[in-house]
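Colleague: Pasting a structure here, questions to come.
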Amino acid sequence: MTCTVLVGGGWGDEGKGKCITYLCYNDKPSIIARAGVGPNAGHSVEFRGDKYGLRLTPSGFFHEDARLLIGAGVLVDPEVFLHEMEYLSKYSVADRTGVDYRCAIIERKHKEQDQSSSYLSKKIGSTGTGCGPANAERVMRTAKLAREVEELGDFLTDVPLEVNEALDEGEDVFVEGSQGFGLSLYYGTYPYVTSKDTTASTAAADVGIGPTRVDEVIAVFKSYITRVGEGPFPTEISQEEAEEMGLEEYGTVTGRRRRIGLFDMEMARESCMINGATQIAVTCVDRLYPECERVREYSDLSAEVKRFIEDIESATGVPVTIISTGPSLEDTIDLRDELL
């Protein structure tokens, strides 16, 4: 039995989708549970030549023997959720997905409030998906819950019960966090943050898992840092510099251009400390070091990349166990058997 929690170490967009895809395909957990804020975060998943953009469904959906769950701490937009059930019908996702009956619901009024607020949309850089206003209503104890939405009736379940029974029976459980450490309401670059905490402890709580049941915490970092929207960014470089390096990205949900910066060792250290990381995954190594594109053995990485990996381990005190060198599952160096 292993309970693994995966979280973003930066400001989101770290490549969590690729890591989740790889880990769930190889480790085949019985349950894949989605934690995090809600549909304001997008995970990009590429599997067998097809690309998917997800906002609520767990990114490990392609593992067709897994039960897919959305924890009580996650805000659910019924329109987004039901669209994804249809969108992913090829994988029989609707037959395998459960939504905790205590999830708070994002209503149209929440999206309108989010989008009409100049403070949220312009100063803070909100995605406009209604998460902040919906979470505010939950705090005020006025939010509608999933059990009150007829269209969700067939999907309702008790997520903590399912997850803990699976752990009791010796099954593997994988918890997907969303966004990243730098966007945490408590530990991020306040006020330029999301509407709740994004660390591993909260991700576990989102799905009803107590801290003593978590075995592994994987913090995901991109080999360079990106950020969508406003807020401090100590290692940011200009768009011109980013373009010269071949780094140009756009957000999955908003379509906004991502700001680019160099890897931030201090942020990585703090992120690993507060998340209690036991492992680190480093993604997009091929983007920063093209000579390492699709390399699949650690010994074949360039000396420069090896030094970079060693510097991360030295700064954080956490082993780098997963290195992504390309978009496909095969473009992954997995060092877990050697280091753990």
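Glycine too: its Cβ is placed from the backbone N, Cα and C atoms.
Quick paste of what Swiss-Prot says about this protein:
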| type | residues | note |
| --- | --- | --- |
| BINDING | 12-18, 42-44, R258, 284-286, 324-326 | GTP binding site |
| ACT_SITE | D13 | active site, proton acceptor |
| BINDING | D13, E14, G15, K16, N40, A41, G42, H43, T127, R141, Q179, T194, R256 | IMP binding site |
| BINDING | D13, G42 | Mg(2+) binding site |
| ACT_SITE | H43 | active site, proton donor |
| BINDING | T252, V253, T254, G255, R256, R257, R258 | substrate binding site |
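Can you tell me where each of these features sits in this structure?
Modeller: Other C-beta atoms found within 10 angstroms of the C-beta of D13 (active site, proton acceptor) number 26, with every protein chain shown included.
Secondary structure from DSSP puts D13 (active site, proton acceptor) in coil.
In the three-state DSSP reading, R256 (IMP binding site) counts as coil.
The Cβ neighbour count for G42 (IMP binding site), using a 10 Å radius and every protein chain shown, is 21.
The number of other Cβ atoms within 10 Å of the Cβ belonging to H43 (active site, proton donor), over all protein chains shown, comes to 27.
The Cβ neighbour count for R258 (substrate binding site), using a 10 Å radius over every protein chain in view, is 20.
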Colleague: Need the DSSP three-state call for T127 (IMP binding site) to compare against my parser.
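Modeller: Where T127 (IMP binding site) sits, the three-state DSSP reduction gives coil.
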Colleague: How many angstrom lie between the most widely spaced Cα atoms of the IMP binders D13, E14, G15, K16, N40, A41, G42, H43, T127, R141, Q179, T194, R256?
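Modeller: About 34 Å separates the two most distant Cα atoms.
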Colleague: Have a look at the binding-site residues (N40, S44, T127, Q179, T325) and report the one with the fewest Cβ neighbours inside 10 Å.
Modeller: S44
Colleague: Rank aside, I only need the closest one: which of the binding-site residues G12, G15, K18, N40, Q179 has its C-alpha nearest to that of R257 (substrate binding site)?
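Modeller: Comparing Cα positions, the closest of these binding-site residues turns out to be G12.
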Colleague: Other Cβ atoms within 10 Å is the metric here; tell me which of the binding-site residues G12, G15, G255 scores highest.
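Modeller: Going through G12, G15, G255 one by one, the largest Cβ count within 10 Å is at G12.
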